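Record features (TrEMBL):
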- 340-619: domain 'ABC transmembrane type-1' (DOMAIN)
- 651-875: domain 'ABC transporter' (DOMAIN)
- 1023-1286: domain 'ABC transmembrane type-1' (DOMAIN)
- 1323-1557: domain 'ABC transporter' (DOMAIN)
- 940-961: region 'Disordered' (REGION)
- 33-52: transmembrane segment (TRANSMEM)
- 64-84: transmembrane segment (TRANSMEM)
- 104-123: transmembrane segment (TRANSMEM)
- 135-152: transmembrane segment (TRANSMEM)
- 172-191: transmembrane segment (TRANSMEM)
- 372-396: transmembrane segment (TRANSMEM)
- 448-470: transmembrane segment (TRANSMEM)
- 476-496: transmembrane segment (TRANSMEM)
- 553-581: transmembrane segment (TRANSMEM)
- 992-1013: transmembrane segment (TRANSMEM)
- 1128-1159: transmembrane segment (TRANSMEM)
- 1229-1250: transmembrane segment (TRANSMEM)
Amino acid sequence: MNLTQFCGGEDFFDSAKVFNSTNPEFSFCFQHMVFDLVPCVFFLVFSIPYYFVNRNSLNSHIPVSKLFTAKVVFTNLLWLLAFANLGYGFWEYSHDNLVPYVDLVSPLIVGICMALAVFFLNFDRKKGIRSSSLLTCYWLTYCVLWALIFKSEVELLLQNKSLEKRETFRCITFFISYACVIALFIMSFFVDKPPALLPKDPYADEITIQFNNNNLTRVLKPKRQPCPEHSSTFLSRTVFEWFSSMIWVGYKRPLVEDDLWDLNGEDKTARISRHFQHNWNQEKKICLTQETGASDEENLALNDDEEILLEEPTNVDIKQKVPSLFKVLVKTFGPSFLPSVFLRLVYDILVFVSPQLLSAIIAFTSSTAPVWQGYGLAVLFFLTAILQTTAFQNYFHVCYTIGMRMRSAVVSAVYKKAFVLSSGARKDSTAGEIVNLMSVDAQRFMDLMPYINCLWSAPFEILLAVIFLWKTMGPSVMAGVGLMILLVPINGLLANKMLKLQAAQMEQKDERIKVINEILNGIKVLKMYSWELSFKDKVSAIRNKELNLMKKFVYLDVILTFSWSFAPFMVSLVTFAVYLLSDPSHSLDAQKIFVSISLFDLVQFPLLNLPFTVSAVVQAKLSLKRLQQFLNYDELDPKCINEKPDSSFAVEVDNGTFAWDKSDEPTLRNISLEVPKGSLVAVVGQVGSGKSSLISCLLGDMEKTNGKVAVQGSVAYVAQEAWIQNMTLQDNILFGQTMNEEKYEETLDACELREDLKMFPTGDQTEIGEKGINLSGGQKQRVSIARAVYRDADVYLLDDPLSAVDAHVGKNLFDNVLGPGGCLRQKTRILVTHGITFLPQADQIIVMNKGKISEVGNYDELLVKNGDFAEFLRNYAELKSAKSDDELFVDEETKQPPALSRLSSISFPNDEPVDAIVGSPGSMTACKLLQRQRSRLSTSDDLHQTHALYGNENSEKTEKGRVRKLSVEKITEDKLITTETVETGNIKSSVLLMYMKAVGTIASIGLLIGYTFDNVSTVYSRIWLSEWSDEVAKHNGTQNDTGYRLAIYGVLGVSKAVFNLMSSFGIYYGGILASGYLHAKMLDNIVQVPMSFFDTTPLGRIVNRFSKDIYLIDDTIPQSFSGFLETLFMSIATIFAIVFSLPIFGAVILPILILYWFVQRFYVKTSRQLQRLESISRSPIYSHFSETLTGVSTIRAYRLQQSFIQQNEAKVDANQMAHYPNIVSNRWLSLRLQVVGSLIVLFATIFAVIERGTISSGLVGLAVSYAMQITQLLHWVVRSASEIETNIVAVERVEEYANVKQEAPLVVDNQVPLENWPEFGEIKFVNYSTRYRDGLSLVVHNINVNINGREKIGVVGRTGAGKSSLTLALFRIIEAAEGMITIDGLDIAKMGLHSLRSRISIIPQDPVLFSGTLRMNLDPFDVYNDIELWDALEHSHLKTFVSGLVDKLEHKVAEGGQNLSVGQRQLVCLARALLRKSKILVLDEATAAVDLETDDLIQATIRAHFADCTTFTIAHRLRTIMDSTRILVMDAGQVAEYDTPDSLLKAKGLFYSMAKNSGLAS
């Protein structure tokens, strides 16, 4: 049976009736076979993947709705009508009527498909699918194709002849069926009810983020409005119409964070990160299994669904196969990425339809075919363009969404890894490097996703182009293909070189961010030392290396881009030349030229994308390597700490050996100890003996190389350097626990915080600045202790927390918290301490010596042993002092405490009895020795900073002083950390002009000339080809002057290439100049802004400007400008070419351009504001991460990793909530712009049809071929302009910090003091008053003090007295509000800051060191020679230590000086002061946080080497200033007393009461 018999004797397709008729007619058989069954084929093909993709949906069923019922009724009616047609056919057949087979087959298949549609309606309802993509496309296909059947049926009815019963029946059933299909398609514009039950998300959390205060707030239900994407119809999602509501809001007013929608469930970081972590752990286990040969049961014992933060290290002797991050990313995101492959394939196929339509249009204009064909081709052109852009924009949407999810996974994985990094791995991964992993490297994965499909799409497009070119030009095309193949290895070499340059550039970027991070963390010390310029130069040197590498990279990138942009022209030239010269009969007509040109243009797109793809792949490959290396770093062993539930000991260590790194020598050796439950254990020892390391090994922070460690129950940890978060004081104490009012109040009282709360403007709701910036050292430590107390843990590990607080506060803390009568008396406490007075009350004392436990026992036992402990005590017994003076200061009740009576009967190794030490007239009494830790001031100026930072406003308090209720306005008013400003409205023209100025005049002129003549050459080369084709037509296909024509075409192509190279080089080179200028300008300003800026600005926010924003200026903005200028000039040239070919087109181009402008302005307000919101929501991620890195040991000790991970996820989600709408807004714009652009193609082809006979085929080819390009060009003009306006926000943000108000000048030309200034060190405060910031109250008032040269001045005072403010005033960290300070008669306010600060030395309380060499930390300006450096080290008691180092002065100091002890760091600060040899030395509580031994060393050195200097000592230990010349007593910001110590004691005033309270006066 042939097709004619199957159709019942009718021709299946009659081309004459279709193509040669003014009213085309399709046979009924064709209508049934094509128009009926094509939708069925589509439905059957796509129903299978649709079913398998959605069968595992987590959504619950949708309740039956009226909409669903209507859909079911109409769909059932459709299959009933189809089977009615089938039944009628069988009835006719049974009555021996002739029934064509097509009348039986077609209704049968249609009926089956309609019945299947009923099944999928129910399937969608049960799977919670509210709008079906499959059924929507199915009904749409029927609506379009049945419109042609509808035309035929109407024409049949309009004929004046009677219809047969069969025709009448089928006509009725068709009209009813078509009405049902139209109704079903209309119903597709409405979404069904939501599922009855929301699926339980296993990764959901209840954390929402508030941008206005950067604090995480736990709420029961997220208040943010859900994203409307999933509640929209399939058609709305396809054309992004669901996003129009946000575009409209953004057009009417600037968007704010409350306008942002919540993320979709599948886009939330929690779900993504758990999925990624699961696959990563699986990959690690597979690698472990392959390497060790262990069984699956052994290596896969852990539940795969559980998140593994810590993984037991494998045997170091086994070479472990490195887990592949690439495989994990593919496994995690590959299935979601597959739709993009399909969409890209559809787009690539549709792209090659346009050249065939162009060929048909050119043929039509030179033929006599019916005019409907021309209009039909125009409509096909338009519909093809619409389908292309719809597929293309949805392709990009999928790619960018996957890139966004990938970024979330990477950021989360890096954050989690930071918790488990071993101490050795932490040395190899600085904070700057990790920040770059989270910002730059994660961003590169996002940048790669739109290009990744080009790896297969580009060759596929090139292959299709070659096939169609072969059809047009024959074998000649292979010459051009050979040229393209030749370019591949050349570009491969370039790409390899670019990879190496990119790796080197990333190393410099990491180093730069690390140094900037250190500068920001130590900015106060840098200013006091006047080292800002040295460290700024260090950053600048790194930046210059980075820029040089960028230049080399850009040179290669320009060459790469040039080669691929020049390739299409060369391919066309070679192809035309070979085609013409290979056979004299060959000629180039309009059809061959412009179809070939359009195909060459299509080849140009993948060829132009290849450099970007190669570049993106190169960068992503490097980032992948860096991330994989980081994620595979050694981790802490979670099993190094065990539990023994049945043990009577809270802590047990059996023969433990510990090191900070596996490759290092052990820090602790042969450690064995047993700590009974509920006991107080003190750990003592000299500097570097291993006390803090002992605490670290119990926390699991060290590498255990031998032995066993067991800790029973929960742990609370108080670090030596208190870790405070940027949140309220209450939140710092609660630390994630629920509020228990009674316990909270008791904790405040026990930790001496009640008085502090009274001074805070909003009580315990006061926001604590980053790193506790608005708290004193003592306050920070007490908050840290309060956090531990409130935790109610089983074991407390306390690393010398009492050294940072005052004597009486320390005693109260010990008595009320740590001691036998404290609130923790029933807990196990291990206390590292230098406070000898506490030792008699300890149940057990552990003596550390050179990394070993030398002695263990109680106080009496150790004294009897007469070993290291007794030696430890004797080391602090000073044999100078006069008894008469001591008796004056020693309280009667403390002359001979019980501890001394026990000590007096013990003999030391030299047989000198303790009695001789205690009672000897010529020695300091041992009583005085043991009271040393108590001889402190009443506080450490703890509350002074509260007044300084907030003023003296009273807050609303209860009778206990704690704030209960505060208005939002009050809390906001007293907020310390400023909210990051969000600019609104248009980008200021000054920002754009400033960027263009930074690019440079020469580069700007060069790129403008290049772009202009590049496009002039291009347009004229096309006009030249058009004239060439017309000449061929005039001469009946014969070709004349072939060589001349080819030569001119070649010259035009070469000139285009040269100018293209000039413009590309100009834009990228100018971008590097601008980037270098902006970075330098911001850096210069940041190092010279006042300290108040750093007090109120999170460091993460500043780092964000130097990392992400500079990255945008380095890479993204030059690309955006390049794209904008290139497409703008090409668009102007294209419009000129179209109007030149079709002058009538000028009538519509202006309205279309106006429509373009309107759409762009409508969109850009929203896009720009979304970019701003995205930028400011990024900073909290880095701030939180930096905060986490600092306190990682504390977080691990409290086992709060999961809580902090959730906080990080919430902050990433907050950023993605702004980023995702930004992605969608670009797609929304692109789709609409390309639809508008498609109108240009439509009008160009319509005008070509109208002008048929009056216009040459060459001009038609020129106009339509350019019209095909204009859609993409105008779209990219608007997109690039929007990208510039969006990304220029980075320049705006950098410019903001480049213009922050600076401090006074570093040098004032006419106020430079003499070289020997200050000669005498005479200081005068004359009516001096100051405040911390404008708008705050004065912190010191009317200070009038004269300090003679060489005097030793001690500064003391009660809480809030203003002591620290005097130091800051002396260095002009804060400026005078009234009065002045003079040094040797010169007003310090009139001279430059550098002139002042470089002539004064300071030993600060917190010793700050920087990564680099020890030499650099001592002498960053290279002023001193080695002899001077070693002399300073000798006098600062560091010579022996440094001499023992392998690299001596070139020893590498870790970030923050972490590879040196606190005492050693303080001694380095002493060496700095010794080198400077200033006449004025300021000691700002310099020995507050060091042990007694270091204190002795510092005091001895100061007395010996600064005897002829004026010293200004803010005292923490009162005894250290008792030998001062005079003592300045401050009270409430004013001078209360100022005289010699003896006179003040005899006067029995304020100083006397302090001495008495500290046990130094009776």
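Positions of Cβ are set from backbone N, Cα and C atoms, glycine also.
For the transmembrane segment (33-52), the list of distant contacts is 7, 12, 26, 102, 106, 109-110, 112-113, 116-117, 120, 123, 133-134, 137-138, 141-142, 145-146, 148-149: same-chain residues at least six beyond its ends, Cβ to Cβ under 8 Å. Only sequence-distant pairs (6 or more apart) were considered; of these, at least three Cβ pairs between the transmembrane segment (1229-1250) and the transmembrane segment (372-396) are under 8 A, so the stretches are in contact.
Outside the transmembrane segment (476-496) by six or more residues, the chain places 462, 466, 469-470, 556, 559-560, 563-564, 567, 570-572, 574-579, 582, 603, 607, 610-611, 614-615, 617-618 with a CB less than 8 A from a CB of the stretch. The highest tally of CB pairs under 8 A with the transmembrane segment (172-191), across 64-84, 372-396, 448-470, 553-581, 1128-1159, is held by 64-84.
Distant neighbours of the transmembrane segment (64-84): 107-108, 110-112, 114-115, 117-118, 121-122, 125, 173, 176-177, 180-181, 183-184, 187, 190, 192-193; these residues of the same chain sit at least 6 beyond its ends, with a Cβ under 8 Å from one of its Cβ atoms. For the domain 'ABC transporter' (1323-1557), the predicted model reports an average pLDDT of 84.
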